[in-house]
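S.K.: Just lifted these from TrEMBL, have a look:
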BINDING   B:T67, B:P68, B:A69, B:G70, B:E71, B:G72, B:K73, B:T74  ATP binding site
Protein chains: 2
Amino acid sequence: MTYRTDIEIARDAKKKPIQEIGEKLGIPSDHLLPYGHDKAKVGQEFIDSLDDRPNGKLILVTAINPTPAGEGKTTTTVGLGDGLNRIGKKAAICIREASLGPNFGMKGGAAGGGLAQVVPMEDMNLHFTGDFHAITSAHNLLSAMIDNHIYWGNDLEIDQRRVVWRRVLDMNDRALRDVVTSLGGVANGFPRQSGFDITVASEVMAILCLSSDLKDLQKRLGDMIVAYRRDRTPVYARDIKADGAMTVLLRDAMQPNLVQTLENNPAFVHGGPFANIAHGCNSVIATKTALKLADYVVTEAGFGADLGAEKFMNIKCRKAGLAPDAVVLVATVRAMKMNGGVAKVDLGAENVEAVQSGCPNLGRHIANVKSFGVPVVVAINHFVTDTEAEVQAVKDYVAEQGAEAILCQHWAKGSEGVADLATRVAELADSGVSQFAPLYPDGMPLFEKIETIAKRIYRADEVLANQSVRDQLRAWEDAGYGHLPVCMAKTQYSFSTDPNLRGAPTGHSVPVREVRLSAGAGFIVVICGDIMTMPGLPRVPSAENIMLNDAGEVEGLF
Amino acid sequence: MTYRTDIEIARDAKKKPIQEIGEKLGIPSDHLLPYGHDKAKVGQEFIDSLDDRPNGKLILVTAINPTPAGEGKTTTTVGLGDGLNRIGKKAAICIREASLGPNFGMKGGAAGGGLAQVVPMEDMNLHFTGDFHAITSAHNLLSAMIDNHIYWGNDLEIDQRRVVWRRVLDMNDRALRDVVTSLGGVANGFPRQSGFDITVASEVMAILCLSSDLKDLQKRLGDMIVAYRRDRTPVYARDIKADGAMTVLLRDAMQPNLVQTLENNPAFVHGGPFANIAHGCNSVIATKTALKLADYVVTEAGFGADLGAEKFMNIKCRKAGLAPDAVVLVATVRAMKMNGGVAKVDLGAENVEAVQSGCPNLGRHIANVKSFGVPVVVAINHFVTDTEAEVQAVKDYVAEQGAEAILCQHWAKGSEGVADLATRVAELADSGVSQFAPLYPDGMPLFEKIETIAKRIYRADEVLANQSVRDQLRAWEDAGYGHLPVCMAKTQYSFSTDPNLRGAPTGHSVPVREVRLSAGAGFIVVICGDIMTMPGLPRVPSAENIMLNDAGEVEGLF
């Protein structure tokens, strides 16, 4: 049997006009702003008209800690959406947009895989509907206005050493991480050290994804802290008078994008904040719109459940008033083996024992998700080399944890391969068994919030933080930011802060290196380890092999 | 009588679905890629299918040297397009896209004015169809790949002091003009001095606007010189292997954008290179496509005729094999008065003498245009305060020059006010009287090309250039670049290089400060005076007053 590549499958997709996809959800074509024939934005007026409708069921897809073997979280999200439609349910999926820059570094960027993909794949990995470009523009307009304010007299008395607002580009460009700007003399301003992050790391991205509407967006943009004065009082974006123009630049970007799966089911692809220094979920406005239009909405969170699901629950759901009805935890036999100590090259050989010894990673995620009061089902994303005995070992283990694991073959078979999972997920979501609650109350002191996550999710013994971190948290509490949730930035490869510590470690410590306030997004970023906010290109960037072929198709991007 | 503002008029526009506008030109809706309901890109396959069709007539709209009074070149372009349609001709217009950054500095950005506008105005002054964002991405990908190449060992032996490829943003940001990048240690590369230009100043923009198709685009991108080695040999974008990926990023941006005038006539709005360090015309692909679809195509060149029309003729037409059939030279009574020495505050009072003494500026432009072998008609863009005697003075003067001046009232009356001009322009274009030839042959030595323009267009006595400039030109001739046209970068306010020297000066010198090779775009940039490639924001940037009103409309942008 020969397999087609993802891009070959995507190119063969029988796409329907986007208006037909919108019709499935009852969106009149007048209210769909097309971008080409296969992408559209949903108009705000139509979204406003949905307020009184009941919400559909919300299903979160998350995963074990990622391994180099790959888990297929997006693939499962897409497959489950198709599966629900297949069994007669009205379902939509909600996923994030891809960042442009990294696609020119490493190959990648598909939205799903095999027969469970969202299309048009090429557009989604290039400019798509321009949302990220709008965020780049809005972010950098604020940057320019800050330096311009200083240039023309600095009425706000900004301490030029304490400008915390950097610039962004959607590009992997290590040369821009650390720069000195305004060189060249009087006409160019006051030289100072600053730098660029990648666009998805912008607080504007996090805000766009958490805002309920344009008014809320502008308020949050205004709330962002861009600099401090010598007396350490904050200067807000509102003080720079940038919030209005930034909102204008983001007006279209706030509208959710509608595309389709290979099986012509509706997919909202909107927003894409970093999953470390931000919360890593698609936009609230897309999720809420989908919930008004579909009976089942399948969405996804970044990284493994320790980071992604935790933030989905404690940040996105808390802030947006959302409550998941069921969680799907994606695992693969291969990833279990890697957690059980098998090297990547040896993954092809049957090794039931390794599967079994890797399972505790999965077990802990199951328990963690349950601790939010939400029912969980495990999706075993089938790989061609998996043996029956290996799959059975996972099923047995999950059953011991009081949950159910279902084999899914959406990659190879599309919705047909995931009907069992869809049936079970719909039952769970409909059962009303979910009693979602965030892990900690708003009123808990900030440091305790960090400890709660570290101990209850990571199963660490302690959180290590020096006095300046603790003082900073207390200062923010005094300044009225104590009610904010915390946004953990740590390695995604382990429950601990050591990426090499697989499985289900205990007895470790969580060292907090730094804390940052995202006052507009509305969370405290807790940095545990090295977090890179501007990637670099590898020795041979994939860009070198990306080109148009004679048919005008993109080669080398996937 | 009360006048509505441009934005009020634009908002009241009775726009037709863009598919209907396309139909007027015979574009099947399958081949129109919509961006919302009122913008679309024309598909490449359809463009390719037009090859065998005859071309319509090409009409260039240019102007006298701009004054603070405003001439209304774009307004006249739009009005003339509507006027031709009104008199029963199948006509389309071709103009440039607006740059995003400057709109947040000074108010402005309308496409036309009064009843002669292109819509949707707001979109066109914000992200439009994302073309400029794509150029920003493509440009900065190359920048990142250059530093990445050096970082990983510098196999091409780039002299890090001689990297000439900078970065771009579509933002007015003086702090980025001159920066040091790659600070922060080993992982961030080798520190070096560089900077950012505004996106419209990118050579990629000039290339996109001069390329005939995607293949030509990629070839030209590859031809760009990005750095030099210690032995002064050039390193090309092709050596960095960036040309393929840049082409992929620019694939959609290469497709012409179709919008409409207030009177629902087709308008192509595509590309927008600087008119100083580049040639300042809309894209060749848009102009050529329009010529296949319409019987009359009205297009526009940047600044006054000494810069804009000269480059249109000597660069765009020469390179693209185009030949204008008629030229419309826009003048206003007010601008004549300013050329005649009247201050802006006194423009309201009748002053026939001042009009007469300002007319020689117009006269010289008429003669210059004729020297290209193209018939010219003067459009007097009517202003409410103009008196009959003043208008008559211009008409009389133009008649003395062997041309005709026609009063146009498209701003106040739309196509009705410009029917006379349209009739005369159509006659001229149909007459076959045009015998277009560029001003100098390809084979002329580069310095002589500069002298030819300086003496025959600017009427200068001499060109001043030091030995290093002359040596550089000779070196490029030796390297095979001698056949390129020259692209003059000088002040737009005067025939001379002194912006305060209005009217029709003679006896001046043209000092060449610097020459640059745009090897991909295919011209030698000749810099005479200070040319700013990254604007700054003013003390009170218009961004401070740009916001959404309660109806969700953009305020403060215009």
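Quick reminder: no glycine exception, Cβ is built from N, Cα and C everywhere.
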S.K.: Which residues, sitting 6 or more apart from B:P68 (ATP binding site) on the same chain, put a CB under 8 Å from its CB?
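M.R.: Sequence-distant Cβ neighbours: B:M338, B:K344.
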S.K.: Counting across all protein chains shown, how many other Cβ atoms sit within 10 Å of the Cβ of B:K73 (ATP binding site)?
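M.R.: Its Cβ shell of radius 10 Å holds 27 other Cβ atoms.
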S.K.: Fewest other C-beta atoms within 10 angstroms of its own C-beta: which of the binding-site residues B:G70, B:G72 fits that?
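M.R.: Fewest other Cβ atoms within 10 Å, among the binding-site residues B:G70, B:G72, is found for B:G70.
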S.K.: Please list, in sequence order, the residues in the chain of B:E71 (ATP binding site) that are at least six apart in sequence and whose C-beta is under 8 Å away from its C-beta.
M.R.: B:A63, B:I64, B:V330, B:A331, B:T332, B:A335, B:N381
S.K.: Who sits close to B:T74 (ATP binding site): which same-chain residues at least 6 apart have their Cβ under 8 Å from its Cβ?
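M.R.: Once residues fewer than 6 apart are set aside, B:T74 (ATP binding site) is near B:I95, B:A111, B:G112, B:G113, B:E300.
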S.K.: Same-chain residues six or more away whose CB lies under 8 A from the CB of B:T67 (ATP binding site)?
M.R.: B:R334, B:A335, B:M338, B:N339, B:Y493, B:R502
S.K.: In terms of DSSP three-state secondary structure, what is the assignment for B:T74 (ATP binding site)?
M.R.: helix
S.K.: Going by DSSP, give the three-state secondary structure for B:A69 (ATP binding site).
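M.R.: DSSP call for B:A69 (ATP binding site): coil, neither helix nor strand.
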S.K.: What is the total of other Cβ atoms whose distance to the Cβ of B:A69 (ATP binding site) is within 10 Å?
M.R.: 18
